[in-house]
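Visitor: The structure's right below; bear with me while I get my questions together.
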Amino acid sequence: MSFSVDVLANIAIELQRGIGHQDRFQRLITTLRQVLECDASALLRYDSRQFIPLAIDGLAKDVLGRRFALEGHPRLEAIARAGDVVRFPADSELPDPYDGLIPGQESLKVHACVGLPLFAGQNLIGALTLDGMQPDQFDVFSDEELRLIAALAAGALSNALLIEQLESQNMLPGDAAPFEAVKQTQMIGLSPGMTQLKKEIEIVAASDLNVLISGETGTGKELVAKAIHEASPRAVNPLVYLNCAALPESVAESELFGHVKGAFTGAISNRSGKFEMADNGTLFLDEIGELSLALQAKLLRVLQYGDIQRVGDDRSLRVDVRVLAATNRDLREEVLAGRFRADLFHRLSVFPLSVPPLRERGDDVILLAGYFCEQCRLRLGLSRVVLSAGARNLLQHYNFPGNVRELEHAIHRAVVLSRATRSGDEVILEAQHFAFPEVTLPPPEAAAVPVVKQNLREATEAFQRETIRQALAQNHHNWAACARMLETDVANLHRLAKRLGLKD
């Protein structure tokens, strides 16, 4: 089989039509799935010996949240090491990373698998994976044809990474660095709230402003602080963490500013505080609303003048520290109640960020669940950990008062429970493995009972016509995939569609 000029032109056009990289990547994957008639396709970015999904089609939504480390996925490692098209035989003993992750085919293993490494020059930047349920599904395509597809995908991904780096260099001071894959922190989520938060992080990271990060417990405020630091000019210097809620009043000042020998009972030597440790770097003060008013005053002085005094020392030390603070309280209300200094609040909240709770993040819960499933798989040495449809439905309708932290613990507990009731190293998480209280699932929609105005033949044809239409819509008008879904021969499906008036 040879790709026509029209097919290749259509792929190139789809890459130009998208608004933003994510949309272009999704258009590319959707188009390739139609052209190659595969059951699943994915575009992956390579970073730090792991593949990160950027766009998928035909795979469970939680795949977008998974991070595929090469050490745990020998097929992906083989793709990363190859310089060309990789075809895995149907009887390959290497496990497929997408086994159990094709909706409707959870119990079946992928049979046909092709991997296309993507390069920018000599640098591996990603991969394109094509999977099918039939062993010989991709035999009709030559390696040369697949190389053309890989070249188009590599160009799109390379341009996207280069644009991201150029945009980053425009915001950061200093000379431009040579091209390399853009580093990203593990901030998983595609919801509007998370997309906006990532944009704000990118903006404020390039500055040296203090940042106040607010959000409920368990939303990931520390992760936001880490993302800001890693994207800032201070990234080469330390990020120092201090939980203000865990500080006894008697040692809080010493923890922040240090002390000299003999300053108090037990001070047997000089000790640097967190501000000194973070010099030229970043200090993250978690739960800053827990600090006493006396310590708030001393912290304010550091922010104003940039100098500190160790406990028991009359000398001042100059420090250059960027402060990121986090709280789960409403500090405006704390100021009105007299429990937090207004001047410190204004110093800290030069650029406020708000982390949305998990219940407001829509499908992000499924992406995060996929991420934690993959973490559990690696930690416990399992071959696969997948979510059943019932488990996904449950997760999407639970309120998660404990936010992302509660989801993480729930996934870990469910994996342990499922593993205890199954033999082997494959784990499927069902709804009953989660102990969520008072989860109200929407009732299944009752099927409408039509008023019969047709004879049996007409009613049968109407049913067949609608069934085929729905199957085509679900498979992006891919007739081969539609036939597999309906469990019929593709030639018979074409003939039936013509008889029903669905094809010319």
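Quick reminder: no glycine exception, Cβ is built from N, Cα and C everywhere.
Found this in Swiss-Prot, in case it helps:
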type     : residues         : note
MOD_RES  : D57              : 4-aspartylphosphate
DOMAIN   : 187-416          : domain 'Sigma-54 factor interaction'
BINDING  : 215-222, 278-287 : ATP binding site
DNA_BIND : 479-498          : DNA-binding region
Visitor: Any idea what the Cα distance is from K221 (ATP binding site) over to D57 (4-aspartylphosphate), rounded to a whole Å?
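Guide: D57 (4-aspartylphosphate) has its Cα 31 Å from the Cα of K221 (ATP binding site).
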Visitor: Can you name the residues of this chain that are 6 or more positions from D279 (ATP binding site) yet have a C-beta less than 8 Å from its C-beta?
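Guide: Within the chain, D279 (ATP binding site) has Cβ neighbours under 8 Å at N237, V319, D320, V321.
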Visitor: Using a Cβ cut-off under 8 Å and a sequence separation of 6 or more, which residues in the same chain sit near G215 (ATP binding site)?
Guide: K221, A326, N328, S354, V355, P356, P357
Visitor: Quick check for the class: what is the C-alpha distance, in angstrom and rounded, between G218 (ATP binding site) and the residue listed as '4-aspartylphosphate'?
Guide: 31
Visitor: Please count the residues of the DNA-binding region (479-498) that DSSP assigns to helix (H, G, I), strand (E, B) and coil.
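Guide: Breakdown, helix to coil: 17 helix, 0 strand, 3 coil.
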Visitor: Could you state the whole-number distance in Å separating the C-alpha atoms of L285 (ATP binding site) and D57 (4-aspartylphosphate)?
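Guide: L285 (ATP binding site) to D57 (4-aspartylphosphate), Cα-Cα distance: 41 Å.
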Visitor: Quick one: among the recorded positions D57, K221, which has the most Cβ atoms sitting within 10 Å of its own Cβ?
Guide: K221
Visitor: Just the number: how many Å between the Cα atoms of T282 (ATP binding site) and D57 (4-aspartylphosphate)?
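Guide: Cα to Cα, T282 (ATP binding site) and D57 (4-aspartylphosphate) are separated by 40 Å.
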